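According to Swiss-Prot, the features are:
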ACT_SITE  Asp13  active site, proton acceptor
ACT_SITE  His41  active site, proton donor
BINDING   12-18, 40-42, Arg306, 332-334, 414-416  GTP binding site
BINDING   Asp13, Gly40  Mg(2+) binding site
BINDING   Asp13, Glu14, Gly15, Lys16, Asn38, Ala39, Gly40, His41, Thr130, Arg144, Gln225, Thr240, Arg304  IMP binding site
BINDING   Val300, Asn301, Thr302, Gly303, Arg304, Ser305, Arg306  substrate binding site
Amino acid sequence: MSAFIVLGAQWGDEGKGKMTDYLAEEANVVVRFQGGNNAGHTVVVGDKEYKLRLIPSGILYEDKLNVIGNGVVVDPKALFEEIEYLEGVGVKISPEKLIVSDRAQLIMPYHKVLDKLKEKARGKNDIGTTGRGIGPCYTDKFERCGIRVCDLLHEDVFIEKLRENVEMKNAYITKVLGGEALNFDEILDEYLGFAKKLRPFVQDTSVKVYDAIKADKTVLFEGAQGMLLDIDYGTYPYVTSSNTTAGGVSSGSGIGPNMITNAVGITKAYTTRVGKGPFPTELLGETGDWIREKGHEYGVNTGRSRRCGWLDLVIIKTAVRVSGLTSLAVTKIDTLAGLEKIKVCVGYKFNDTVIDYFPASLEDLAECEPIYEEFDGWDDSVADVRSYDELPENVKKYLARISEFTGTRISIVGVGPKRDQTMRIDNL
(Lines of atoms letter the chains of each structure in order from A and count residues from 1; the text may use other names and numbers.)
(Lines give C-alpha, C1' and ligand atoms only; values in the text may rest on other atoms or scores of the structure.)
Protein backbone atom coordinates (compact mmCIF):
# COMPACT_ATOMS: atom_id res chain seq x y z
CA MET A 1 0.00 0.00 0.00
CA SER A 2 1.39 3.42 -0.97
CA ALA A 3 -0.36 6.77 -0.79
CA PHE A 4 1.72 9.92 -0.94
CA ILE A 5 1.11 13.66 -1.15
CA VAL A 6 2.74 16.31 -3.32
CA LEU A 7 2.41 19.74 -1.69
CA GLY A 8 3.68 23.25 -2.29
CA ALA A 9 5.98 24.40 0.53
CA GLN A 10 5.92 28.12 -0.35
CA TRP A 11 3.37 30.54 -1.88
CA GLY A 12 2.49 28.25 -4.77
CA ASP A 13 4.03 28.08 -8.26
CA GLU A 14 6.78 25.79 -6.97
CA GLY A 15 6.54 23.29 -9.81
CA LYS A 16 3.95 20.91 -8.34
CA GLY A 17 2.46 20.20 -11.76
CA LYS A 18 5.80 19.08 -13.15
CA MET A 19 6.61 17.02 -10.05
CA THR A 20 3.17 15.41 -10.00
CA ASP A 21 3.54 14.55 -13.67
CA TYR A 22 6.99 13.08 -12.97
CA LEU A 23 5.85 11.05 -9.94
CA ALA A 24 2.58 10.01 -11.60
CA GLU A 25 4.59 7.46 -13.56
CA GLU A 26 4.82 5.51 -10.29
CA ALA A 27 1.13 5.95 -9.43
CA ASN A 28 -2.09 4.26 -10.47
CA VAL A 29 -4.38 7.04 -9.23
CA VAL A 30 -3.86 10.83 -9.04
CA VAL A 31 -6.19 12.85 -6.80
CA ARG A 32 -6.91 16.58 -6.52
CA PHE A 33 -8.28 17.28 -3.03
CA GLN A 34 -8.74 21.06 -2.76
CA GLY A 35 -8.88 24.32 -4.69
CA GLY A 36 -10.38 24.90 -8.09
CA ASN A 37 -9.44 26.27 -11.49
CA ASN A 38 -7.69 29.25 -9.89
CA ALA A 39 -4.38 27.36 -9.73
CA GLY A 40 -2.77 26.85 -13.11
CA HIS A 41 0.35 24.82 -13.75
CA THR A 42 2.44 23.92 -16.75
CA VAL A 43 3.78 20.47 -17.61
CA VAL A 44 6.35 19.99 -20.37
CA VAL A 45 6.64 16.53 -21.94
CA GLY A 46 9.19 16.32 -24.72
CA ASP A 47 8.52 19.28 -26.99
CA LYS A 48 4.90 19.67 -25.89
CA GLU A 49 3.68 22.08 -23.21
CA TYR A 50 0.39 21.43 -21.40
CA LYS A 51 -1.42 23.98 -19.24
CA LEU A 52 -3.68 22.47 -16.59
CA ARG A 53 -5.97 24.12 -14.06
CA LEU A 54 -8.54 21.75 -12.62
CA ILE A 55 -7.77 18.29 -13.98
CA PRO A 56 -5.02 16.29 -12.17
CA SER A 57 -1.62 16.12 -13.85
CA GLY A 58 -1.84 12.35 -14.23
CA ILE A 59 -4.21 12.92 -17.15
CA LEU A 60 -1.18 13.08 -19.46
CA TYR A 61 -0.67 9.34 -18.94
CA GLU A 62 -2.91 6.83 -20.72
CA ASP A 63 -3.19 4.37 -17.83
CA LYS A 64 -3.85 6.57 -14.77
CA LEU A 65 -7.16 7.22 -13.04
CA ASN A 66 -7.53 10.93 -12.25
CA VAL A 67 -9.83 12.02 -9.45
CA ILE A 68 -11.38 15.41 -8.67
CA GLY A 69 -12.18 14.96 -4.99
CA ASN A 70 -14.93 16.30 -2.77
CA GLY A 71 -12.71 19.11 -1.44
CA VAL A 72 -12.40 20.68 -4.89
CA VAL A 73 -14.80 23.38 -6.07
CA VAL A 74 -15.79 22.61 -9.66
CA ASP A 75 -16.70 25.13 -12.33
CA PRO A 76 -18.39 22.89 -14.95
CA LYS A 77 -17.76 25.39 -17.71
CA ALA A 78 -14.05 25.54 -16.90
CA LEU A 79 -13.89 21.75 -16.59
CA PHE A 80 -15.33 21.11 -20.04
CA GLU A 81 -13.21 23.87 -21.57
CA GLU A 82 -10.14 22.13 -20.15
CA ILE A 83 -11.32 18.76 -21.44
CA GLU A 84 -11.83 20.30 -24.89
CA TYR A 85 -8.38 21.89 -24.76
CA LEU A 86 -6.70 18.62 -23.77
CA GLU A 87 -8.49 16.61 -26.43
CA GLY A 88 -7.49 19.26 -28.94
CA VAL A 89 -3.82 18.61 -28.19
CA GLY A 90 -4.20 14.84 -28.36
CA VAL A 91 -4.97 13.87 -24.75
CA LYS A 92 -7.95 11.52 -24.61
CA ILE A 93 -10.45 12.09 -21.79
CA SER A 94 -13.02 9.51 -20.70
CA PRO A 95 -14.80 8.38 -17.50
CA GLU A 96 -12.22 5.58 -17.36
CA LYS A 97 -9.46 8.20 -16.94
CA LEU A 98 -11.28 10.98 -15.05
CA ILE A 99 -13.91 10.92 -12.30
CA VAL A 100 -15.50 13.71 -10.27
CA SER A 101 -16.79 13.46 -6.71
CA ASP A 102 -20.55 13.60 -6.28
CA ARG A 103 -19.86 15.60 -3.09
CA ALA A 104 -17.81 18.36 -4.76
CA GLN A 105 -19.25 21.87 -4.61
CA LEU A 106 -20.21 23.62 -7.85
CA ILE A 107 -19.01 27.09 -8.76
CA MET A 108 -22.01 29.01 -10.05
CA PRO A 109 -22.14 32.21 -12.14
CA TYR A 110 -23.15 34.25 -9.09
CA HIS A 111 -20.00 33.13 -7.28
CA LYS A 112 -17.84 34.73 -9.96
CA VAL A 113 -19.92 37.91 -9.95
CA LEU A 114 -19.69 38.15 -6.16
CA ASP A 115 -15.96 37.50 -6.25
CA LYS A 116 -15.30 40.41 -8.60
CA LEU A 117 -17.75 42.87 -7.02
CA LYS A 118 -16.53 42.22 -3.48
CA GLU A 119 -12.92 42.58 -4.58
CA LYS A 120 -13.76 45.91 -6.22
CA ALA A 121 -15.56 47.05 -3.06
CA ARG A 122 -12.44 46.37 -0.98
CA GLY A 123 -10.60 49.09 -2.89
CA LYS A 124 -7.00 49.42 -1.73
CA ASN A 125 -7.57 46.53 0.68
CA ASP A 126 -8.19 44.02 -2.12
CA ILE A 127 -6.77 40.53 -1.54
CA GLY A 128 -5.80 39.69 -5.12
CA THR A 129 -8.50 37.16 -5.93
CA THR A 130 -8.48 35.58 -9.39
CA GLY A 131 -12.19 36.38 -9.74
CA ARG A 132 -13.06 32.76 -10.55
CA GLY A 133 -15.57 32.38 -7.73
CA ILE A 134 -13.46 30.11 -5.53
CA GLY A 135 -13.90 32.01 -2.25
CA PRO A 136 -17.66 32.63 -2.57
CA CYS A 137 -18.18 28.96 -3.46
CA TYR A 138 -16.35 27.83 -0.31
CA THR A 139 -18.35 30.42 1.64
CA ASP A 140 -21.60 28.81 0.47
CA LYS A 141 -20.22 25.40 1.38
CA PHE A 142 -19.69 26.44 4.99
CA GLU A 143 -22.94 28.41 5.12
CA ARG A 144 -24.59 25.14 4.00
CA CYS A 145 -26.35 26.65 1.02
CA GLY A 146 -23.94 25.42 -1.65
CA ILE A 147 -24.95 23.27 -4.60
CA ARG A 148 -23.09 19.98 -5.00
CA VAL A 149 -22.49 17.81 -8.04
CA CYS A 150 -25.02 15.27 -6.76
CA ASP A 151 -27.65 18.04 -6.61
CA LEU A 152 -27.04 18.89 -10.25
CA LEU A 153 -27.88 15.30 -11.22
CA HIS A 154 -31.30 15.53 -9.54
CA GLU A 155 -33.11 18.14 -11.61
CA ASP A 156 -35.91 18.93 -9.14
CA VAL A 157 -33.45 19.36 -6.28
CA PHE A 158 -31.17 21.50 -8.42
CA ILE A 159 -34.00 23.80 -9.56
CA GLU A 160 -35.13 24.41 -5.99
CA LYS A 161 -31.64 25.10 -4.66
CA LEU A 162 -30.74 27.28 -7.62
CA ARG A 163 -33.91 29.37 -7.23
CA GLU A 164 -33.21 30.00 -3.53
CA ASN A 165 -29.60 30.93 -4.20
CA VAL A 166 -30.30 33.23 -7.14
CA GLU A 167 -32.93 35.12 -5.13
CA MET A 168 -30.57 35.61 -2.17
CA LYS A 169 -27.53 36.44 -4.27
CA ASN A 170 -29.39 38.86 -6.52
CA ALA A 171 -30.61 40.80 -3.50
CA TYR A 172 -27.05 41.14 -2.21
CA ILE A 173 -25.54 41.86 -5.63
CA THR A 174 -28.02 44.61 -6.51
CA LYS A 175 -28.75 46.23 -3.14
CA VAL A 176 -25.38 46.01 -1.43
CA LEU A 177 -22.76 45.74 -4.17
CA GLY A 178 -24.54 47.74 -6.87
CA GLY A 179 -24.30 45.04 -9.52
CA GLU A 180 -26.80 43.68 -12.03
CA ALA A 181 -29.15 40.80 -11.23
CA LEU A 182 -28.49 37.39 -12.76
CA ASN A 183 -31.07 35.59 -14.87
CA PHE A 184 -32.35 32.38 -13.25
CA ASP A 185 -33.53 30.76 -16.50
CA GLU A 186 -30.22 31.34 -18.27
CA ILE A 187 -28.27 29.72 -15.43
CA LEU A 188 -30.73 26.83 -15.26
CA ASP A 189 -30.49 26.06 -18.98
CA GLU A 190 -26.71 26.24 -18.97
CA TYR A 191 -26.27 23.98 -15.94
CA LEU A 192 -28.83 21.39 -17.02
CA GLY A 193 -26.71 21.10 -20.15
CA PHE A 194 -23.65 20.58 -17.97
CA ALA A 195 -25.51 17.89 -16.00
CA LYS A 196 -25.89 15.68 -19.08
CA LYS A 197 -22.21 16.00 -19.94
CA LEU A 198 -21.00 15.57 -16.36
CA ARG A 199 -23.10 12.56 -15.35
CA PRO A 200 -20.82 9.83 -16.83
CA PHE A 201 -17.84 11.18 -14.85
CA VAL A 202 -19.54 11.34 -11.43
CA GLN A 203 -18.82 8.77 -8.72
CA ASP A 204 -18.33 8.41 -4.99
CA THR A 205 -14.62 9.07 -5.38
CA SER A 206 -13.82 8.34 -1.74
CA VAL A 207 -14.80 4.71 -2.25
CA LYS A 208 -12.82 4.51 -5.49
CA VAL A 209 -9.64 5.87 -3.88
CA TYR A 210 -10.06 3.74 -0.74
CA ASP A 211 -10.49 0.59 -2.81
CA ALA A 212 -7.38 1.44 -4.83
CA ILE A 213 -5.25 1.79 -1.70
CA LYS A 214 -6.65 -1.42 -0.23
CA ALA A 215 -5.80 -3.19 -3.49
CA ASP A 216 -2.13 -2.15 -3.02
CA LYS A 217 -2.26 0.38 -5.82
CA THR A 218 -0.25 3.59 -5.55
CA VAL A 219 -2.22 6.81 -5.03
CA LEU A 220 -0.76 10.29 -5.46
CA PHE A 221 -2.56 13.24 -3.87
CA GLU A 222 -1.86 16.44 -5.81
CA GLY A 223 -2.02 19.71 -3.88
CA ALA A 224 -2.80 23.08 -5.41
CA GLN A 225 -1.29 26.43 -4.36
CA GLY A 226 1.16 26.23 -1.42
CA MET A 227 1.51 26.16 2.36
CA LEU A 228 1.58 29.95 2.72
CA LEU A 229 -1.75 30.19 0.88
CA ASP A 230 -3.44 27.84 3.36
CA ILE A 231 -6.56 29.35 4.94
CA ASP A 232 -5.20 28.61 8.45
CA TYR A 233 -1.40 28.67 8.15
CA GLY A 234 -0.91 31.07 5.26
CA THR A 235 -0.35 34.83 5.22
CA TYR A 236 -4.00 35.52 6.05
CA PRO A 237 -5.99 37.22 4.51
CA TYR A 238 -3.78 36.97 1.40
CA VAL A 239 -4.55 33.27 1.10
CA THR A 240 -6.81 30.89 -0.78
CA SER A 241 -10.05 29.55 0.70
CA SER A 242 -9.05 25.94 1.34
CA ASN A 243 -6.51 23.90 3.31
CA THR A 244 -3.46 23.49 1.10
CA THR A 245 -1.47 21.58 3.74
CA ALA A 246 -1.49 17.83 4.38
CA GLY A 247 -4.43 18.30 6.73
CA GLY A 248 -6.64 19.01 3.73
CA VAL A 249 -5.99 15.64 2.10
CA SER A 250 -8.20 13.49 4.31
CA SER A 251 -11.17 15.84 4.39
CA GLY A 252 -10.81 16.69 0.70
CA SER A 253 -10.57 13.12 -0.56
CA GLY A 254 -12.37 11.02 2.03
CA ILE A 255 -9.31 8.97 2.98
CA GLY A 256 -8.11 8.49 6.56
CA PRO A 257 -4.74 10.04 7.50
CA ASN A 258 -3.40 6.64 8.57
CA MET A 259 -3.49 5.53 4.93
CA ILE A 260 -1.01 8.20 3.81
CA THR A 261 2.60 7.04 3.86
CA ASN A 262 4.68 9.98 2.58
CA ALA A 263 4.45 13.72 1.92
CA VAL A 264 6.76 15.48 -0.53
CA GLY A 265 7.13 19.25 -0.24
CA ILE A 266 7.97 21.15 -3.43
CA THR A 267 10.14 24.25 -3.15
CA LYS A 268 11.90 26.39 -5.68
CA ALA A 269 15.59 27.09 -5.16
CA TYR A 270 14.41 30.65 -4.45
CA THR A 271 11.08 32.17 -3.39
CA THR A 272 8.22 33.76 -5.34
CA ARG A 273 4.77 35.04 -4.52
CA VAL A 274 1.95 36.76 -6.39
CA GLY A 275 -0.08 39.68 -5.11
CA LYS A 276 0.01 41.61 -1.87
CA GLY A 277 1.40 40.77 1.54
CA PRO A 278 4.75 40.75 3.38
CA PHE A 279 7.66 38.96 1.73
CA PRO A 280 10.78 39.11 3.96
CA THR A 281 13.35 37.98 1.36
CA GLU A 282 11.93 39.89 -1.62
CA LEU A 283 14.49 41.28 -4.07
CA LEU A 284 13.31 44.62 -5.44
CA GLY A 285 16.34 45.42 -7.60
CA GLU A 286 18.19 43.97 -10.56
CA THR A 287 18.70 40.52 -9.05
CA GLY A 288 14.96 40.04 -8.50
CA ASP A 289 14.24 41.17 -12.06
CA TRP A 290 16.93 38.83 -13.39
CA ILE A 291 15.46 35.82 -11.57
CA ARG A 292 11.95 36.71 -12.78
CA GLU A 293 12.98 36.84 -16.42
CA LYS A 294 15.27 33.83 -16.37
CA GLY A 295 12.75 31.76 -14.43
CA HIS A 296 9.78 32.95 -16.53
CA GLU A 297 7.98 33.93 -13.34
CA TYR A 298 4.57 34.86 -14.70
CA GLY A 299 1.26 33.27 -13.76
CA VAL A 300 -0.18 30.50 -15.97
CA ASN A 301 -3.76 31.64 -15.36
CA THR A 302 -3.38 35.40 -15.00
CA GLY A 303 -0.07 36.31 -16.61
CA ARG A 304 0.72 38.38 -13.52
CA SER A 305 4.41 38.83 -12.75
CA ARG A 306 5.60 37.09 -9.61
CA ARG A 307 7.61 38.80 -6.91
CA CYS A 308 10.99 37.10 -6.50
CA GLY A 309 13.38 36.72 -3.58
CA TRP A 310 15.98 34.54 -1.92
CA LEU A 311 15.06 31.13 -0.54
CA ASP A 312 13.50 31.43 2.92
CA LEU A 313 14.30 28.32 4.94
CA VAL A 314 12.12 29.48 7.83
CA ILE A 315 9.15 29.02 5.49
CA ILE A 316 10.29 25.57 4.36
CA LYS A 317 10.89 24.44 7.95
CA THR A 318 7.36 25.60 8.81
CA ALA A 319 5.96 23.57 5.92
CA VAL A 320 7.84 20.50 7.13
CA ARG A 321 6.27 20.88 10.57
CA VAL A 322 2.73 21.72 9.49
CA SER A 323 2.44 19.02 6.82
CA GLY A 324 4.77 16.38 8.22
CA LEU A 325 6.88 16.42 5.07
CA THR A 326 9.03 13.32 4.67
CA SER A 327 11.18 14.78 1.89
CA LEU A 328 11.67 17.84 -0.31
CA ALA A 329 11.82 18.31 -4.07
CA VAL A 330 13.89 21.36 -5.02
CA THR A 331 13.05 22.85 -8.41
CA LYS A 332 14.58 25.50 -10.67
CA ILE A 333 18.19 24.98 -9.63
CA ASP A 334 18.97 25.96 -13.23
CA THR A 335 17.46 29.43 -12.81
CA LEU A 336 20.10 30.46 -10.26
CA ALA A 337 23.02 29.40 -12.49
CA GLY A 338 25.09 32.48 -13.31
CA LEU A 339 24.75 34.32 -10.00
CA GLU A 340 28.07 34.99 -8.26
CA LYS A 341 26.57 34.82 -4.77
CA ILE A 342 23.33 33.25 -3.54
CA LYS A 343 21.68 33.85 -0.18
CA VAL A 344 19.29 31.85 1.97
CA CYS A 345 17.31 33.12 4.94
CA VAL A 346 17.82 31.17 8.19
CA GLY A 347 15.96 33.42 10.64
CA TYR A 348 14.48 36.86 11.24
CA LYS A 349 15.40 39.88 13.33
CA PHE A 350 12.24 41.07 15.07
CA ASN A 351 12.01 43.65 17.89
CA ASP A 352 15.75 43.38 18.61
CA THR A 353 15.52 39.61 18.95
CA VAL A 354 16.21 36.69 16.62
CA ILE A 355 13.30 34.39 15.80
CA ASP A 356 13.24 31.15 13.81
CA TYR A 357 9.50 30.89 13.20
CA PHE A 358 6.99 32.42 10.79
CA PRO A 359 4.74 34.95 12.62
CA ALA A 360 0.95 34.74 12.32
CA SER A 361 0.54 38.53 12.36
CA LEU A 362 1.20 40.22 9.03
CA GLU A 363 2.16 43.37 10.91
CA ASP A 364 4.84 41.41 12.78
CA LEU A 365 5.98 39.67 9.60
CA ALA A 366 6.35 43.01 7.84
CA GLU A 367 8.78 44.09 10.58
CA CYS A 368 10.95 40.99 10.22
CA GLU A 369 14.39 41.41 8.68
CA PRO A 370 15.89 38.30 7.12
CA ILE A 371 19.11 36.83 8.49
CA TYR A 372 21.10 35.45 5.58
CA GLU A 373 23.76 32.88 4.95
CA GLU A 374 25.69 33.39 1.71
CA PHE A 375 26.80 30.72 -0.74
CA ASP A 376 29.03 30.78 -3.78
CA GLY A 377 27.01 30.50 -6.97
CA TRP A 378 27.53 28.21 -9.93
CA ASP A 379 28.36 29.27 -13.47
CA ASP A 380 27.83 25.83 -14.91
CA SER A 381 24.65 25.19 -16.82
CA VAL A 382 22.90 22.36 -14.99
CA ALA A 383 20.03 21.89 -17.44
CA ASP A 384 21.66 18.79 -18.97
CA VAL A 385 22.68 17.17 -15.68
CA ARG A 386 20.83 13.91 -14.99
CA SER A 387 22.52 12.61 -11.83
CA TYR A 388 23.37 14.08 -8.44
CA ASP A 389 27.07 13.24 -8.82
CA GLU A 390 27.28 15.43 -11.93
CA LEU A 391 25.96 18.53 -10.16
CA PRO A 392 28.45 21.34 -9.41
CA GLU A 393 29.90 21.16 -5.89
CA ASN A 394 28.34 24.51 -5.00
CA VAL A 395 24.90 23.16 -5.88
CA LYS A 396 25.52 20.16 -3.62
CA LYS A 397 26.53 22.47 -0.75
CA TYR A 398 23.38 24.54 -1.31
CA LEU A 399 21.14 21.48 -1.26
CA ALA A 400 22.93 20.07 1.79
CA ARG A 401 22.23 23.24 3.76
CA ILE A 402 18.53 23.13 2.82
CA SER A 403 18.34 19.55 4.06
CA GLU A 404 20.31 20.29 7.23
CA PHE A 405 18.30 23.35 8.24
CA THR A 406 14.89 21.80 7.61
CA GLY A 407 15.82 18.39 9.00
CA THR A 408 14.39 16.79 5.87
CA ARG A 409 15.84 14.68 3.07
CA ILE A 410 15.91 16.01 -0.47
CA SER A 411 14.45 13.33 -2.71
CA ILE A 412 14.19 15.11 -6.08
CA VAL A 413 16.03 17.92 -7.85
CA GLY A 414 14.68 19.77 -10.88
CA VAL A 415 17.03 21.41 -13.38
CA GLY A 416 14.51 22.56 -16.00
CA PRO A 417 10.84 22.55 -16.98
CA LYS A 418 10.78 19.24 -18.87
CA ARG A 419 9.82 15.87 -17.40
CA ASP A 420 13.29 14.47 -18.15
CA GLN A 421 15.03 17.41 -16.44
CA THR A 422 14.34 15.80 -13.09
CA MET A 423 16.56 13.58 -10.99
CA ARG A 424 15.59 11.27 -8.17
CA ILE A 425 18.29 11.26 -5.48
CA ASP A 426 16.52 9.62 -2.52
CA ASN A 427 13.32 7.88 -1.47
CA LEU A 428 10.17 9.95 -0.97
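Placement of Cβ uses the backbone N, Cα and C atoms for every residue, glycine included.
Recorded features from Swiss-Prot, shown on the structure.
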{"residue": "Gly12", "record": "GTP binding site", "DSSP (3 states)": "coil"}
{"residue": "Gly40", "record": "Mg(2+) binding site", "DSSP (3 states)": "coil"}
{"residue": "Thr130", "record": "IMP binding site", "DSSP (3 states)": "coil"}
{"residue": "Gln225", "record": "IMP binding site", "DSSP (3 states)": "coil"}
{"residue": "Val300", "record": "substrate binding site", "DSSP (3 states)": "coil"}
{"residue": "Arg306", "record": "substrate binding site", "DSSP (3 states)": "coil"}
{"residue": "Ile333", "record": "GTP binding site", "DSSP (3 states)": "helix"}
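Listed binding-site residues: Gly12, Ser305. The one with the lowest count of other Cβ atoms within 10 Å of its Cβ is Ser305. Contacts of Thr42 (GTP binding site) defined by a Cβ separation under 8 A and a same-chain sequence distance of 6+ are given as Gly17, Lys18, Glu49, Tyr50, Lys51, Leu52, Val300, Pro417, in order along the sequence. The Cβ neighbour count for Gly40 (Mg(2+) binding site), using a 10 Å radius and every protein chain shown, is 17.
Once Cβ contacts within 10 Å are tallied over all protein chains shown, the binding-site residues Val300, Ile333 are led by Ile333. Here the Cα atom of Gly40 (Mg(2+) binding site) is found 8 Å from that of the residue listed as 'active site, proton acceptor'. Neighbour list (Arg306 (substrate binding site), Cβ cut-off 8 Å, at least 6 residues apart, same chain): Asp13, Thr272, Arg273, Val274, Arg292, Glu297, Tyr298, Gly299.
In this structure the alpha carbons, written CA, of Gly303 (substrate binding site) and Thr130 (IMP binding site) are 11 Å apart.
Distance from the CA of Ile333 (GTP binding site) to the CA of Thr130 (IMP binding site) is 29 Å. Note on proximity: of the recorded positions Asn38, His41, Thr302, Arg304, Ser305, the one nearest Gly15 (GTP binding site) is His41, by Cα distance.
The Cβ of Thr302 has fewer other Cβ atoms within 10 Å than any other of the binding-site residues Thr130, Thr302.
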